[in-house]
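**Student:** Take a look at the following structure, please.
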Amino acid sequence: MVRKRRTDAPSEGGEGSGSREAGPVSGGGRGSQRGGFQQGGGQHQGGRGYTPQPQQGGRGGRGYGQPPQQQQQYGGPQEYQGRGRGGPPHQGGRGGYGGGRGGGPSSGPPQRQSVPELHQATSPTYQAVSSQPTLSEVSPTQVPEPTVLAQQFEQLSVEQGAPSQAIQPIPSSSKAFKFPMRPGKGQSGKRCIVKANHFFAELPDKDLHHYDVTITPEVTSRGVNRAVMKQLVDNYRDSHLGSRLPAYDGRKSLYTAGPLPFNSKEFRINLLDEEVGAGGQRREREFKVVIKLVARADLHHLGMFLEGKQSDAPQEALQVLDIVLRELPTSRYIPVGRSFYSPDIGKKQSLGDGLESWRGFYQSIRPTQMGLSLNIDMSSTAFIEANPVIQFVCDLLNRDISSRPLSDADRVKIKKALRGVKVEVTHRGNMRRKYRISGLTAVATRELTFPVDERNTQKSVVEYFHETYGFRIQHTQLPCLQVGNSNRPNYLPMEVCKIVEGQRYSKRLNERQITALLKVTCQRPIDREKDILQTVQLNDYAKDNYAQEFGIKISTSLASVEARILPPPWLKYHESGREGTCLPQVGQWNMMNKKMINGGTVNNWICINFSRQVQDNLARTFCQELAQMCYVSGMAFNPEPVLPPVSARPEQVEKVLKTRYHDATSKLSQGKEIDLLIVILPDNNGSLYGDLKRICETELGIVSQCCLTKHVFKMSKQYMANVALKINVKVGGRNTVLVDALSRRIPLVSDRPTIIFGADVTHPHPGEDSSPSIAAVVASQDWPEITKYAGLVCAQAHRQELIQDLFKEWKDPQKGVVTGGMIKELLIAFRRSTGHKPLRIIFYRDGVSEGQFYQVLLYELDAIRKACASLEAGYQPPVTFVVVQKRHHTRLFAQNHNDRHSVDRSGNILPGTVVDSKICHPTEFDFYLCSHAGIQGTSRPAHYHVLWDENNFTADGLQSLTNNLCYTYARCTRSVSIVPPAYYAHLAAFRARFYMEPETSDSGSMASGSMARGGGMAGRSTRGPNVNAAVRPLPALKENVKRVMFYC
C-alpha cells in the first residue's frame, strides 16, 4: 500500500451549518434501552426507534472494564480495565462496560455517546471490543461472568425470524467450490446506455497446441528467454517449424495454431550477451532448447463457458489467447505486468529526483457475457531518466555534488537508488557496453587502486583511465560505481556512465513524485476514451501477425452496455434542524440547515501548534471558528480550551504532547478527561503526523484532529464543516442515518438483526522485505441503523493476504482450549450494543484479486463459521461474502459526453450507475457500481463479486444496499466509491501502520488519492497462515481511544 500523503484533512464535501439542539430532558438511573437518546440540554433522537417522545436518560458514573477472567475467555488482554466513557447508543448514561451508575436529572451539556471502537488484535490474545451491555440482567456496577455472557448469547430470541436458508457446507477444496450463479439481472433504476473500455474478441476456430520449452543453461530473465526463442524462430521457422509463428510466454510454454512437424526436438542457439560480464567482455553463449508437445488446448470448453453451459472458466485457453495478444506489444514496448510502456505513446513528464513518467496501456483478455473481451486502459508508471549518472545523482540529492563531499546518508541514498540499474559507458566512443550496478565503492575514486598483474602491483583508477583511454577523471572526490560480483568487482567512475533508457523504477516513490504521477494519470473521461481508441488503432490488431496466425479478431469500437442509475437514498438528520431529511443530488449534499443526528460532546480540549507560520492569535481564531462550526452542526462544544494554544517544534513532539496533556489534566477536576486535541501541522510535516497519532492513541489515550497550515490560513466554511463531521464521530457522535434503515425497509437487513463486516489487508511498500502486513476487520454495531462500526487490527506475516486472526484457538494452562479472534469479538460486541445476536452476516472483503478468490473464501468463510460455532452450538447465521475490487481497469463512459443529463460536473457517468450485463461474468453474481460523483479524472467503478450467498440476495437487493451504504460514510457529505465497511477497514489498517513503522515515512501529509493501498503493486501471498511466524505486535491502544472511531 502506497502511502497516502499524511494530513488529517477530510475528503472534500459539502458546506455545513446548522444550529444547536435545545429542549427539556429528564433522566434518572439507567437510560432506556430501546428509546431515544436523551442527554443534556437537547433531545437526541438516537437508538433504534427514534421515537418522538422524550426518553429517560441518566448521567452514568464510573464505569468498569471487563475483569481478567472474561478477557481470557474471549481472547482479550488481562489489562482490559478502565474508566467508562460513554454509554451505548440506546442508553443515556455515561458509564463503563457494566453501565454507568445512575444520577439525578441531567442538566449539563449532552454527554458523549459511545461509538463502537477499533481495537488491536495480537496473537494469541485480543483487545476485546468494548461496547456496554444493554441487557437488563446486567448490574450497573458489575459485568457478567464469561459463562453468563455466553448463556445470554445462547438465550437470545430468534422469534424475529430464524434464517430460512439452508446453511451450505464449506467444500474442502477449491475444486468443489461453485461461486453463486447470477440471480437474474437487476431491474431497479433508470435505464441508460454507457460505453465500456472492452473490445469484443472473436473466438478463433484454430487447433491450439501447447509445447513445453526447456532452455539450458537456465536463466531467470524473461528477456533472455524471449531473445533465445526469437532467434530460434528466425532461424528455423520455415525449415523446422512448419512455417508456424508460435506464441511464447517467456518461461516454459509455447503455443501454436496447429501442430509442429514434431513431438519433440532439440535446437542449439547462439546468443550474444547484451550486458558486459566481470571480465569486461560480451560473451557469446550457446543455449540448448528442447521443445516438447504437452497437449492440445481445447477451445470447446471456453465456448461452452462463455455460453453459460459450463461453470468453470478454462484458464489455460484464456491464458493462450492472452499470450498471443501480448506477443506483438512485448516486442514493441517495455512490458510491466499486464501493461506496456513506451516514450512514444505519450509525452514523458518529469517526476523529480531523476525519475520521469511514461505513458502506456493495460491489456487483458477476459470472459464476459458478450463473449471474449479485450480490456484496454491507459496507465502511467515511473521510469529512471536516461541521464548521465552524475546528473542523476545531482537530481537525487537536489544539489550540485561538486560543491561539497558526500555524507554517509548521501552514499546510502545513492547506493539504494542505483543498485540494479543498468548503465552504458560513454568514454569509448561508439562502443557502448552495458553493465549493471551492484554497489558503490567505500572510498573516493582518487583513493581507489586495483592489482594489474600477478605480483599484485597496484594502479589507481585515475591513472588507468588516463593511460588506457586518454580520459581524465574530473570528479575524483566521488565514489566509483561497482559492477560485476563482489568477488571480482569492476570499477566505473560515475562520469563515464549513462543510465540506459527504459528501466522502470520499482522502488518506493516520495510524496512529490506520487503527486506528480497522479497529476499525469488524471484524465477527463472524454480524453481517456480518445486515448484508448487511439491505442487500439495504434496496435492495429487486424495486422498483428500473431493475431492473424491464431485467428483472433478484435473489434475497434468500445462496447455499448446497458446500465441503470439507482436512485440516491433519503438521509435522516436531527429533527431540531430546519431539514430533518435530505435527498442527495448527484452524489452530494451539504450540512446547511441540518444538524447531526447524534451530536457528540467536547467539554475539554487543547490545541498544539507545530507550524512556525501560524502565530498564536491565528491559532486561537482558527480553534474558535472550528468550535463554532461544531456547535452549529449539532455538537456540544465548549468554546474555551482548557489551556491556551501553545506553539512547539516538531522535533519535540513527544515531550510537548506529554507535558501539555499532563498540564491540562491537572487543571481539570477529578474524573474529567481531555476530550479532544486539535493539532496544527506544517504542510510538509515529515513523520510528525504518524508520531503524533501513535503517541496520542497508544500512550496518552486522547483523540486528535490534525489540520494543515494551508487550511488554517484559508479557514473556509466547507473545510470546517468537513472537519466537524470527523470530530463528531471521533468523540462518539453520529452524523446521519438512512431513512430506510429507520423505517425497516432494507431487504435482508431490516427484517432481522444483521451485522455487516468490512475487511482489508494493507501490505508494506515494495522493497520493505521484513515489515508485516496489517489486517483490519470492522463490523456494524447498531441495528437497524447500520452506521457505526467497531473494528480490530492486527499485524500478520509479511505480504500475507489471508487474514490470520479471524478465528484463533489456543491452549490455556488453566482453562484448556480457548477460542477467540476478530470475528468472535465483533459478534460479541454487536450483541452487547444491540441486545441481539446477528441472524445474518454480510461480509465485504476488499483487496482480493481473482486468482485469490478460492483461497481467501475457503480460509475466511471457515473462520467465520468456527467463530460463530464457538459462541453457541449450532449457531450458524447465513453468510453473504462479497469481494470489493478497485484495482481493475474497467472504465465506463457516457454514451454522449455532451448530454448534461447523463454526466456529472466532471464529465463522468452519474453516481448510482450499475452494470450487471455484457461486460460482467458469464454466469456468476457480479456487478460494477459507480456510487460516487467524479471530482477530477475518470471515475473508477467498484467491482463487487459475490463468492458465497446463503442469504439469497436478489441483484436489486444487493446492488441497492451497497449503493445506499455508500451515502453513510462519516467523513464527508458525498457518496463514496466503495462501500463504507471496506473503506473503514482500509482506514483502520492504514492508521495501524503508523504505530508499527513511524520512522519510515518521509512525508507526513496524508491526502486522498489512489496510492492508499501502500505497496499494492507488489504480489500478495495466499499461503496458509503461519501462526508461529514472529511478527512484532502492535502497541496497545489506550482505553479512551478504543471506544471511538478515531481512525476517521
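The chain as shown is numbered from 1 upward.
Here the Cβ of each residue, glycine as well, is placed from N, Cα and C on the backbone.
Pulled the feature table from Swiss-Prot, pasting it below:
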REGION    1-143  region 'Disordered'
COMPBIAS  65-81  compositional bias 'Low complexity'
COMPBIAS  120-143  compositional bias 'Polar residues'
REGION    165-188  region 'Disordered'
COMPBIAS  165-174  compositional bias 'Low complexity'
DOMAIN    388-501  domain 'PAZ'
DOMAIN    676-997  domain 'Piwi'
BINDING   Asp760, Asp846, His986  divalent metal cation binding site
REGION    932-940  region 'Interaction with guide RNA'
REGION    969-991  region 'Interaction with guide RNA'
MOD_RES   Ser1001  phosphoserine
REGION    1005-1025  region 'Disordered'
**Student:** Counting other Cβ atoms within 10 Å of each Cβ, which of the binding-site residues Asp760, Asp846 scores lowest?
**Tutor:** Asp846
**Student:** Helix, strand, coil residue numbers for the region 'Interaction with guide RNA' (969-991) per DSSP?
**Tutor:** 12 helix, 1 strand, 10 coil
**Student:** Would you count the other CB atoms within 10 A of the CB of His986 (divalent metal cation binding site), including those on all shown protein chains?
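**Tutor:** I get 27 for this one.
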**Student:** For the region 'Interaction with guide RNA' (932-940), DSSP counts of helix, strand and coil?
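**Tutor:** In the region 'Interaction with guide RNA' (932-940), the DSSP-based counts are 0 helix, 0 strand, 9 coil.
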